[in-house]
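To start, the structure itself, in structure tokens.
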Amino acid sequence: MAAGNHSTVTEFILAGLTDKPELQLPLFLFFLGVYLVTVVGNLGMITLIRLSSHLHTPMYYFLSSLSFIDLCCSTVINPKMLVNFVTEKNTISYPECMIQLYFFIFFIVSESHMFAVMAYDRYVAICKPLLYNVTMSYQVCSWLIVEVYMMGFIVATAYTVCMLRVVFCNAKTIHHYFCDIFPLLELSCSSTYANVLVILCLSVFNILAPTLTILGSYVSIIASILRIRSTEGKSKAFSTCSSHITAITIFYGSTAFMYLQPSNVSSTVQSKVSSVFYTTIVPMLNPLIYSLRNKDVKVALSKIIEKRLFCISKD
């Protein structure tokens, strides 16, 4: 970490999404709307799950944690981006940049592992229903949540410590709208070999572990569903997973689009567009997916609304 103290850069300039003045206001209004929907949607989901005893199950306990992660991840990126739309000089200090990088990695890694935990929960619910209450007890669910956040903590700490060792000299314009790993490494005037090695090793684990867990869980789930004879039974079993499958597809699809582009096709514009979807749109979509495609959430919401209306009319 001592090497980081030799950097001559005390602040960075964020290039932002666009350098066209006529697009600043429309983009500000659009992303302000997206952020407000994200905050209301995720806070609403957390509140609904806490208020409705019908939703006090492991599946919704994990969903509540996912909503918290999405809310925090969006808050790490969006407020600074919105400020940059309405200011002339889009600067961020070196400490603020490192803090943003740390929490961005923390919540993104946590979200990846949370999806794996949710897939395992669906596997137990469908493939081992008689053992569900024992296997997914409150203690087990709590430990799974702790492990998810521990993974985020370990990876974010490792990445950030390595970044603090990087020396930044004269170049200080980040060609992005937030402090991300690779745009920062492009500005380095010291060796980034250790950083790339750490990124490679941890990325392999953080991609393979959740992916294999999700694939293994859903292969077993599909096999179990195919063994169900009644059409109604198959439909009911699949409906418990449909929202989760949709959310996983969007999350990993946007990640793949961002990181698996061929080098000859990749560009700064494409990187920014895919990052916007990955860091801003996905956190907004998740609560909508789980509310619009989930019967339990709809029932719980209608009951709470009816209860509130009854209390108002009674008064």
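Just so it is clear, glycine is given a Cβ too, placed from its N, Cα and C backbone atoms.
Annotated features in TrEMBL:
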DOMAIN    41-290  domain 'G-protein coupled receptors family 1 profile'
TRANSMEM  27-48  transmembrane segment
TRANSMEM  60-79  transmembrane segment
TRANSMEM  99-120  transmembrane segment
TRANSMEM  141-168  transmembrane segment
TRANSMEM  193-226  transmembrane segment
TRANSMEM  238-261  transmembrane segment
TRANSMEM  273-292  transmembrane segment
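For the domain 'G-protein coupled receptors family 1 profile' (41-290), the model gives a mean pLDDT of 86. Annotation: stretch 99-120 has the most Cβ pairs under 8 Å to the transmembrane segment (141-168), among 99-120, 193-226, 273-292. Residues 17, 31, 34-35, 37-38, 41-42, 44-45, 63, 66-67, 70-71, 73-74, 77-78, 104, 108, 176-178, 180, 243, 246-247, 250-251, 254-255, 257-258, 261, 298, 301 of the same chain lie 6+ residues outside the transmembrane segment (273-292) yet bring a C-beta within less than 8 angstroms of a C-beta in it.
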